[in-house]
Amino acid sequence: QMDPVEVDGSVLEGGGQILRVSAALSCITGSSIKITKIRAGRSTPGLRPQHLSGLQLVSDLCSGVLQGATIGSTDISLTPGKIRSGNHTADTQTAGSVCLLLQVALPCALFAESSSQLCLKGGTNAEMAPQIDYTLKVFKPIVEKFGVNFDCDVRMRGFYPKGGGEVRVSVSPVKHLQPVVLTDRGTITKIHGRAFVAGVLPYKLAKDMCAAAVRTIRKEIKELYINIQALQEKDNAYGNGNGIIIIAESSTGCLFAGSALGKKGVYADKVGIEAAEMLLRNIRHNGCVDEFLQDQLIIFMALANGTSRIRTGAVTLHTQTAIHVAEQLTQVRLTKTLGTGKQTNRTCELMNKKTPKN
């Protein structure tokens, strides 16, 4: 057994993302890892329930030995075994994000011998994480270009602070992933979305979020029909919540999103405007992915056989962090080439170079 790869959990973004990328790559490459200084700079340092359930899920997926995994722990080690297909369950027991659980588990399950079923419990539409709608409508179609194949069934939506959401994911195994080139954005051809209320919240909130979002987008994009549906989530939601996601599609199949969640005491208009402004910011640059997708694709670029090239807007700290960890745990070098353009609208091309395995 080689010495474990030591990963400093406090560098760059310094949060849960370092854990997710390094644990998944440990599982897939078979290299043991030791992560220290986990979330060292955060107000509540160390592992939170959501990080813990993610690590346990990976350890379960790779028949691994996980040490130091307790709430508040700042040092863990993972010694992976063989990746096991079949049924795996993870429950954050809080409103911790099921989408972040999927982020860590999906790459691992791809390399099992047969299909895997993941039952993920927690928040489906939670702060500081992608909403499940983003995962389904933006992440899924783009990651499928790498040859990834998974289905996701939202059984129950869960919101902060109660959680209680549940998604069932089935993942088909792959022999290898194929590289993806996304460098030509084309033009924006469609804008659509959903604004929802769940629980005791009045339907009017959904309509208000919708109207405010449409008004905001109209100021900048005059020529497209904007189709945002207002929905009342009836039976498949636990607790109360409201939110909106708006998606733009381009002529070459690129997808971009803006989203926001309601909070106590925040006007519905404000939620709609926040999502619309986020979408507009993500289509002003000429990149092919939005700021939330770029970091989620790094692990797939690192694992694909061959060279991927993806044009992004400004590279986020999350993306730099994913690149740093991927380079530590794989034979990949990711290069960033800055495109031309004003500092704010600059695009950047991410490209991975490696010696392909036969």
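The backbone N, Cα and C atoms fix where each Cβ goes, and this holds for glycine too.
All annotation found in TrEMBL is predicted automatically rather than curated by experts.
Under the heading active site, tele-AMP-histidine intermediate, TrEMBL lists HIS318. The ATP binding site annotation in TrEMBL covers GLN103, PHE292, LEU293, GLN294, ASP295, GLN296. Feature annotation from TrEMBL assigns domain 'RNA 3'-terminal phosphate cyclase' to 12-334. TrEMBL lists 183-283 with the feature domain 'RNA 3'-terminal phosphate cyclase insert'.
Mean pLDDT for the domain 'RNA 3'-terminal phosphate cyclase' (12-334) in the predicted structure: 95. Non-local contacts of GLN103 (ATP binding site) by the CB criterion (under 8 A, 6+ apart in sequence, same chain) comprise ARG20, GLN296. Listed in chain order, the residues near the ATP site other than GLN103, PHE292, LEU293, GLN294, ASP295, GLN296 are PRO130, PHE139, VAL289, LEU297, ILE298, HIS318, THR319, ALA322, each with its Cβ within 8 Å of the site Cβ centroid. Here the Cα atom of the residue listed as 'active site, tele-AMP-histidine intermediate' is found 9 Å from that of PHE292 (ATP binding site).
In terms of DSSP helix, strand and coil, the domain 'RNA 3'-terminal phosphate cyclase insert' (183-283) has 34 helix, 38 strand, 29 coil. In sequence order, VAL138, PHE139, ILE142, LEU255 are the residues of the chain that are 6 or more apart from LEU293 (ATP binding site) and have a CB within less than 8 Å of its CB.
The number of other Cβ atoms within 10 Å of the Cβ belonging to GLN294 (ATP binding site), over all protein chains shown, comes to 23. Residues GLN103, PHE292, LEU293, GLN294, ASP295, GLN296 are the ones the record ties to ATP, and the longest Cα gap between any two of them is 13 Å.
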